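To start, the structure itself, in structure tokens.
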Amino acid sequence: MEVFMAKNVKTKSKNKNKKIVDNRTNIDIKSQFKKVETGIKNGVFVFTNNLTIDEFSKKINKHSAEIIKYLFLKGINCNLNTLLDERQMGELCLEFGYDFKKEIQINEDNFLDNIKFEDREDLLDKRPPIVTIMGHVDHGKTTLLDTIRKSKVAATEAGNITQSIGAYQVEWKKHLITFFDTPGHEAFSKMRAVGADLTDIVVLVVAADDGLKPQTEEAIDHALFAKAPIIVFINKMDKKDANIEKIYSQLAEKNVLCEEWGGKTMVIKGSALNNQGIDELLEAIIVTAEIMELKANPKRLANGITIEASMDKGEGAVADLLVQSGTLAVNDYILVGEYYGKVKKMVDFNRKEIKTALPSTPVRISGLNGIPKSGDKWIVTNDEKLLKELSEKRQLNTKQRKLSNFGTNLNENSQGIKELNVILKTDNNGSLEAIKGLLSSIEVTGAKLNLVRAAIGSINESDIDLARTSKSLVVIFNTKVSSKVSDYAISMGITIKNYNIIYQIKDEIERLLKGILDPVFVEKEIGSVEIRQLWSHSSIGVIAGGRVLTGEIKRNAFARIKRKDKEIISNAKINSLRHGKDSIASAAAGKECGFTLENFNDFVEGDIVEIYEIVGETHE
């Protein structure tokens, strides 16, 4: 096997680099901006976000009373300020004879996340796969990378995690592979938490003599949630107590089924220390990448993702970037998250100065006017003035915008079932299995518990990152939370619930599941009125006068009219309520009053009017 460090650009001549840079097409950022006017266009109601009933009624040219009545008849108690969700607006549009469509308004604040690159197929070239090596501490991640890139990086001590974040490229059998060398799954999950699709393939390192450990399981959780293909590398096969079948079984329990067991996950056996299985691993990566058909356009200005950024004493703000598409070059004008600048200097993974970087290439640049965040998208354009304006606006918007709450635990699946995502950590396996058993026995119609992760040990920052990504509630049993992790959870908007009595967890989860369900709306009888006198009014119709027999009558409540024990009308809203000339909110038993009903005038003296409210009740 011959493995050697790949050069960033094939340097047959300096003229080739210059030709690549000069021939790149520009990215027209302004053409990506899209202003969406909410309203009816050609019989279609177009909207960008949720609206109140008052706002929605004006946009579709309907009286708000029609909308409120429709929702009341559906059992939904509401008013002008009630916020309608996407489903409700769609239902109302269909009720009033309109089709509906949600569109995304793209502006300077969100264009990096929504920009679409429509590269012609003939401009696309194969790009190297980006691979993240993950696994438990001391199972051989760093040794594996050392062996692959043929450099003697000092091995980490047992119990520690590689501190630097970087990326490396190797060439094998004329194929480039980019390895994302992280402190483990932490950086990987941070990227996913902000929506950055950084990694194509995950290589999961498992020690043959140790099997799956907590960090291995965490790595699997992150990879599965991100839907990234997994290749398992069983390391330390030279150990006497290697137990492959045990590892296959443990992987199957985590929904990773190996090819040997009839699944699709490739497993490579070897020893990173003794250079065994490396060829097979690289071949597996290339095969997986071929199946994925990874391509990008190198013939335009570049865009990509930020790996990490920091302040360098000598160079100012520096950022480690990954080129996803296009070609990045020195002297390019670049916007990275909120910050912009001119690429003054660019180095590759060997810290060797380079002039250009192709897709899937990791680089470090200097020249920005601030420090971006990990996961920030970036883009290059020829218009320096525009980038400066965008940078200033994005920074201003960030200052004005309140921090979003990433800890919302409520999700809804495609069947309309409400889901509560939970990450569970306990002190030992016995309590873990007991709690999982109790939670599996909970049955709440219309709601479902989804255990995103269940493991032994203290809560850590990786758990918080996964909770943020999956919008999960964190539940811990008989374990402590360090002040560092607690502060991190607070900063991420994640709720941690700590228990020491198992049944309290079951009760709380059951309560939360019931709480996320939409309330059940029922009719609550509040009074009755006998009609004794009628008046006609030219503008408001028939006014019914009567005495309250029981309970009370309220304005905006509903009425059901009984005439000789026969129901004449129901669901009629009480529009106005008066005592003499005074408008009143309610009248109690024994009092006289006059009132009108919405869309009903056919009263008869002697009618009994049953008064009720529609109230929401929680699920019990």
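Placed from the backbone N, Cα and C atoms, the Cβ positions cover glycine too.
Now, the feature entries from Swiss-Prot:
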{"type": "DOMAIN", "residues": "126-295", "note": "domain 'tr-type G'"}
{"type": "REGION", "residues": "135-142", "note": "region 'G1'"}
{"type": "BINDING", "residues": "135-142, 181-185, 235-238", "note": "GTP binding site"}
{"type": "REGION", "residues": "160-164", "note": "region 'G2'"}
{"type": "REGION", "residues": "181-184", "note": "region 'G3'"}
{"type": "REGION", "residues": "235-238", "note": "region 'G4'"}
Structural state of LYS141 (GTP binding site), classified by DSSP into three states: helix
Coarse DSSP state, helix versus strand versus coil, of GLY135 (GTP binding site): strand
Secondary structure tally of the region 'G4' (235-238) (DSSP, helix then strand then coil): 0 helix, 1 strand, 3 coil
Packing count at LYS141 (GTP binding site) (other Cβ atoms within 10 Å of its Cβ): 29
Cβ-Cβ neighbours of MET237 (GTP binding site) (radius 10 Å): 18
Which of GLY135, ASP138, all binding-site residues, has a Cβ with the fewest other Cβ atoms inside 10 Å: ASP138
